[in-house]
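A.B. asks: My questions will all concern the structure given below.
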Amino acid sequence: MIKIQPEEISSVIRKQIEQYNQEVKVVNTGTVLQVGDGIARIYGLAKAMAGELLEFEDGTVGIALNLESNNVGAVLMGDGFSIQEGSRVKATGKIAQIPIGESYIGRVVDALARPIDGKGDIPSSETRLIESPAPGIISRRSVYEPLQTGLVSVDAMIPIGRGQRELIIGDRQTGKTAVAIDTILNQKGQNVICVYVAIGQKASSVAQVVSTLEENGAMAYTIIVAENANAPATLQYLAPYTGATLAEFFMYSGRHTLVIYDDLSKQAQAYREMSLLLRRPPGREAYPGDVFYLHSRLLERAAKLSNALGEGSMTALPIIETQAGDVAAYIPTNVISITDGQIFLSADLFNSGIRPAINVGISVSRVGSAAQIKAMKQVAGKLKLELAQFAELEAFAQFASDLDKATQNQLARGRRLRELLKQAQSSPLPVAQQVLTIYAGVNGYLDSIAIEDVKKFLAGLRNYVITSKAAIINNINSSKAVTPETEGMMKEAINEYKKVFAAGA
């Protein structure tokens, strides 16, 4: 029989007492009362914060949105099929944040910045809150630099500046995404980081956008955030904030960024779904009362930063889909009032072959000519006036039988100017070529060209100037203005090419 040594036992006990750790880890936990439709009701969690991340037993993460007297309503960032009534929930003490960094450029990620393009993990050492506060008044300066879209009708008449919020609004299938993608393509070589956020889109549509950007070499400066139509409402609601957060990283490091939200109507619908399931009181069109705040806090994050903060910028192009052209519906009017102007795309113009189908009459930029180079200001003012007069005359001419010669000439020029604004998809024009094109139109050089030949003539003219008269393009690019010398060279080049075109025709 083994003899027990009391000294040994006492030394073991003493050692264990010395090593005993008195620290107590307090964890805020709760119990699932009810789960379904992407919503969980939790008993307990008395100290939960609004917007705090919650961790369920199966690893699913949720966000505490409703803090009620006897339970917490949380939205799930996953399907939550393996969460059961009575399972434990742990409050993490954290607010939703995502990793950020340079390595995200060229990648496709989801609303939690996790890669979904099959190209492996994204290395990152920094994180940023998804819901970051917008820059204050002192942190900003007024918009003064142009952000060229490459579309003649936008850059000439509805100019967008770096740091502006310009809404793209129109019915389905009117080319809203095409305008946004062309703007991304036109940022090549401009040192602008683009973020395209796809909310509730078909996976095939997102794949098409990715392939268009890859074919044109635009993925080298673009990040895509995608939450498809089959994603939980919570992730569709978060996706735009994730896009803004990724762009903010570059903005605060003194870079220029462009963010496209395609589209915010679907984000509002996802938020409505979440709110109704959380039993929040419905308002107009069954949207919750804070749906305006949903969009305003997102779009206010777009800014042109002050010199002290490095003069970075975030330009936002939110997209809104209307039903049968109704811009007076709830969400469209909300976003129109938040943004600095809107580009209105018309189904009638689209169907009549005018593409991009931009209705110049009701589209507006509230930044205006501050976001244009001098050369564009010199030629674009006349273009807008001529088109406005043409629209008025065209409506009148439908009822008048005999028109005088001056009116006929004005109508003929208006039709040619309308032709000048047509552009093929994925073929944005550099600003110097736009100036040349508009100059030819407003100064009557197209009046003798048949309407059906205008596009062919302008394409040939641009090609002729690039190959034979490159000094014109170089002068406009360097001086950002049409000097008398450049104007003389433009007149000469247009007249020379007209002879070449007439001989070829």
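Each residue, glycine too, has its Cβ placed from N, Cα and C.
What you are looking at is a predicted structure, and each value in this text was computed from that prediction instead of being measured.
Just lifted these from Swiss-Prot, have a look:
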{"type": "BINDING", "residues": "GLY170, ASP171, ARG172, GLN173, THR174, GLY175, LYS176, THR177", "note": "ATP binding site"}
{"type": "SITE", "residues": "SER363", "note": "site 'Required for activity'"}
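In the displayed structure, how are the listed features positioned relative to their neighbours?
C.D. replies: Annotation for ASP171 (ATP binding site): spatial neighbours GLU321, THR322, GLN323, ALA324, GLY325, LEU345, ALA347, criterion Cβ-Cβ under 8 Å with sequence separation of six or more.
Within the same chain, residues at least six positions away from SER363 (site 'Required for activity') with a Cβ under 8 Å of its Cβ are MET157, ILE158, GLY341, GLN342, ILE343, PHE344.
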A.B. asks: Please identify, from the binding-site residues GLY170, GLY175, the residue with the sparsest Cβ neighbourhood, meaning fewest other Cβ atoms within 10 angstroms.
C.D. replies: GLY175
A.B. asks: Within 8 Å of the Cβ centroid of the ATP site residues GLY170, ASP171, ARG172, GLN173, THR174, GLY175, LYS176, THR177, which other residues of the same chain have their Cβ?
C.D. replies: GLU321, LEU345, ALA347, PHE350, ALA357
A.B. asks: Restricting to the chain of ARG172 (ATP binding site) and a gap of 6 or more, list residues whose Cβ falls under 8 Å of its Cβ, or answer none.
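C.D. replies: Set apart from ARG172 (ATP binding site) by at least 6 residues yet with Cβ under 8 Å, we have GLU321.
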A.B. asks: What residues, ordered by sequence, lie under 8 A Cβ-to-Cβ from LYS176 (ATP binding site) and sit at least six positions away in the same chain?
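C.D. replies: Expected: ILE168, ILE169, GLY170, ASP262, ASP263, ILE319, GLU321, LEU345.
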A.B. asks: Looking only at GLN173, THR174, THR177, the binding-site residues on record, which one has the least crowded Cβ, with the fewest other Cβ atoms within 10 Å?
C.D. replies: GLN173
A.B. asks: I want to verify one value. Collapsing DSSP to three states, which class is GLY175 (ATP binding site)?
C.D. replies: coil
